[in-house]
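Taken from Swiss-Prot as is:
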{"type": "COMPBIAS", "residues": "243-253", "note": "compositional bias 'Low complexity'"}
{"type": "COMPBIAS", "residues": "255-270", "note": "compositional bias 'Acidic residues'"}
{"type": "COMPBIAS", "residues": "274-293", "note": "compositional bias 'Basic and acidic residues'"}
{"type": "DOMAIN", "residues": "296-357", "note": "domain 'SH3'"}
{"type": "MOD_RES", "residues": "SER6", "note": "phosphoserine"}
{"type": "MOD_RES", "residues": "SER9", "note": "phosphoserine"}
{"type": "MOD_RES", "residues": "TYR75", "note": "phosphotyrosine"}
{"type": "MOD_RES", "residues": "SER87", "note": "phosphoserine"}
{"type": "MOD_RES", "residues": "SER90", "note": "phosphoserine"}
{"type": "MOD_RES", "residues": "TYR151", "note": "phosphotyrosine"}
{"type": "MOD_RES", "residues": "TYR197", "note": "phosphotyrosine"}
{"type": "MOD_RES", "residues": "SER223", "note": "phosphoserine"}
{"type": "MOD_RES", "residues": "TYR260", "note": "phosphotyrosine"}
{"type": "MOD_RES", "residues": "SER272", "note": "phosphoserine"}
{"type": "MOD_RES", "residues": "SER282", "note": "phosphoserine"}
{"type": "MOD_RES", "residues": "SER285", "note": "phosphoserine"}
Amino acid sequence: MPNPGSTSSPGSIPEEIRNLLADVETFVADTLKGENLSKKAKEKRDSLIKKIKDVKSVYPQEFQDKGDAEEGDEYDDPFAGPPDTISLASERYDKDDDGPSDGNQFPPIAAQDLSFVIKAGYLEKRRKDHSFLGFEWQKRWCALSKTVFYYYGSDKDKQQKGEFAIEGYDVRMNNTLRKDAKKDCCFEICAPDKRIYQFTAASPKDAEEWVQQLKFILQDMGSDVIPEDEDEKGDLYDDVDHPVPVSSPQRSQPIDDEIYEELPEEEEDTASVKMDEQGKGSRDSVQHPSGDKSTDYANFYQGLWDCTGSLSDELSFKRGDVIYILSKEYNRYGWWVGEMQGAIGLVPKAYLMEMYDI
């Protein structure tokens with residue numbers, strides 16, 4: 001009779017036990033990693049992890065090294081049975097494309113070292129559990145940095161668990177991902193023939209904010225230059241593109257030669273004065289839309305996040321900086337014209353919040 005404690009010739013482990021051990025390892029090593037545990041709980045967690053590793057070392061043929069892959073997202077369980085209906089329907093959500101992987105396209109970076117973070121916070125990320133437990137949501141600290149979506153175990157991690165460039169993707173709310181109280185907190189980032197990423201936010205409002213910020217960046221990526229409406233362009237630059245016509249004495253007849261007689265130089269001077277007055281009036285109307293800037297509280301805004309202008313006509317500002325809005329004529333494109341410390345330029349309205357509650 002074989003000795004249960006012997007490790008010289010270990011037998012095979014039943015599939016149910018392997019799956020259960022994989023579930024326990026995922027829960028202890030990954031799920032509890034981002035939780036605030038007591039000292040005693042942490043010691044117990046470390047002890048369980050060590051025991052699991054010992055078992056896997058005794059039965060190396062039963063377990064394959066999954067490396068640093070992201071909790072089952074980046075590999076297939078070699079011990080999983082034939083895929084059921086749920087697995088087949090969800091395969092596209094949980095495995096990478098046949099081409100290059102979405103992950104590991106960017107160098108490792110600590111969560112605290114990310115720059116130009118537009119939106120960040122804890123989300124539940126959906127993954128495929130390669131066992132009888134089916135799907136599972138795991139807590140992840142996510143950050144949208146420029147055009148890359150990063151996800152970490154926590155905001156203290158020194159390296160991301162995964163990331164993907166959002167270019168080519170679309171984002172939308174999806175209340176069919178869950179059947180519990182969080183069903184209205186779900187959204188997904190998807191694209192044809194690409195892996196789908198699904199998340200659950202803390203509240204419906206937080207989920208909508210993620211969707212809005214992602215949509216704003218995706219729309220902004222579609223055009224490097226802000227389009228101009230021809231009518232608006234004509235109205236704004238009417239005094240430059242269409243100068244006041246100067247009549248020539250050779251081509252027109254004076255109304256009354258005896259009363260009105262102007263030399264060409266005088267007509268040109270008069271036209272120049274009119275153009276200067278019109279230009280000055282236009283500038284005054286733009287810089288002071290409400291008359292008195294000092295009391296025009298409705299047009300004072302402050303930065304929600306740091307923003308670095310990529311073009312010369314864009315303002316750069318930091319979170320909390322005060323910006324006075326001169327014009328909202330590009331509102332349809334998500335941009336306003338603002339002034340900060342004497343500098344005037346375009347500012348993304350999504351990066352601003354009202355300074356005064358009027």
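Yeah, the Cβs are placed from backbone N, Cα and C, and that goes for glycine too.
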Summary of DSSP states over the domain 'SH3' (296-357), given as helix, strand and coil counts
9 helix, 28 strand, 25 coil
Measuring Cα to Cα, how far is TYR197 (phosphotyrosine) from TYR151 (phosphotyrosine) in Å?
11
Grab the pLDDT values for the domain 'SH3' (296-357) and give me their mean, rounded.
84
Below 8 Å Cβ to Cβ and six or more residues apart, same chain only. Which residues does that give for TYR151 (phosphotyrosine)?
LEU123, LYS125, ARG140, TRP141, CYS142, ALA143, GLN160, LYS161, GLY162, GLU163
